[in-house]
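Trainee: A single structure is presented below for examination.
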Amino acid sequence: MLAFKTFQQELDTRHDKYERLVKLSRDITVESKRTIFLLHRITSAPDMEEILTESESKLDGVRQKILQVAQELSGEDMHQFHRAVTTGLQEYVEAVSFQHFIKTRSLISMEEINKQLTFTAEDSGKESKTPPADGQEKQPVTWRLKITPVDYLLGVADLTGELMRMCINSVGNGDIDTPFEVSQFLRQVYDGFSFIGNTGPYEVSKKLYTLKQSLAKVENACYALKVRGSEIPKHMLADVFSVKTDMIDQEESIS
């Protein structure tokens, strides 16, 4: 009976930790989505730097949540709790990579993301209420959370949908350069995912279809700009693209 009491306590502790991680993952997902919505305003905002600064402060808040995840996982095998936090981490990768693309027109690497997720006691501030596991208070307090390759790939795959929306919004505001930049970038991302093919995780191959859809919509917008851009007034371009996008969706649903 004593042995089973011990097992019960261990399982209860593990389940409680899992639930806390699920709640933190939800918070990370919500805040990351808000950051993405904010960044979409950059196509119509007069001051781009102001939105980038605000998005950076929002991402700092998300990292504070990730710090709490790292504290919860201190001394634990992350793979045992990966399912609880994977959704939030994917959304964070999507938000960070979206911001990085707007700034540099390039893809942020997994190493750069992981560098931002190394925390010290100074970074924790009031958030560091959860002590490290196994009583390691005497050692230099550092928490790390590494994004797994699968989380990185799935976050980048979701990024393509946001870039497609940014492309259409940019055209609606008279910006005819962004669609071609996005199209070239999406082709490179699609080529990279094509090399993985069916050898990667199931979720990656599943998102490849959505990536292909986003690329087709952006290429369709670029085609219309190149061929009919001089015929259509700038304020009507977005309407033309939205109609063509609906037609593509209908054709794909029929096929």
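The first residue you see is number 1, and the count goes up from there.
From the backbone N, Cα and C atoms, a Cβ is placed for every residue, glycine too.
The shown structure was predicted, so the numbers you read here are calculated from the model rather than taken from an experiment.
Taken from TrEMBL, the feature Mg(2+) binding site applies to Glu94, Glu162. Sequence annotations record features per position, and here TrEMBL assigns SUMO2 cross-link to Lys244. The region 'Disordered' annotation in TrEMBL covers 121-140.
Help me see these features in their spatial surroundings.
Mentor: Listed in sequence order, Ser32, Ile36, Gly155, Val156, Asp158, Leu159, Glu162 are the same-chain residues at least 6 apart in sequence whose CB falls under 8 Å from the CB of Glu94 (Mg(2+) binding site).
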Trainee: Give me the count of other Cβ atoms within 10 A of the Cβ belonging to Glu162 (Mg(2+) binding site).
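Mentor: Counting Cβ neighbours of Glu162 (Mg(2+) binding site) within 10 Å gives 19.
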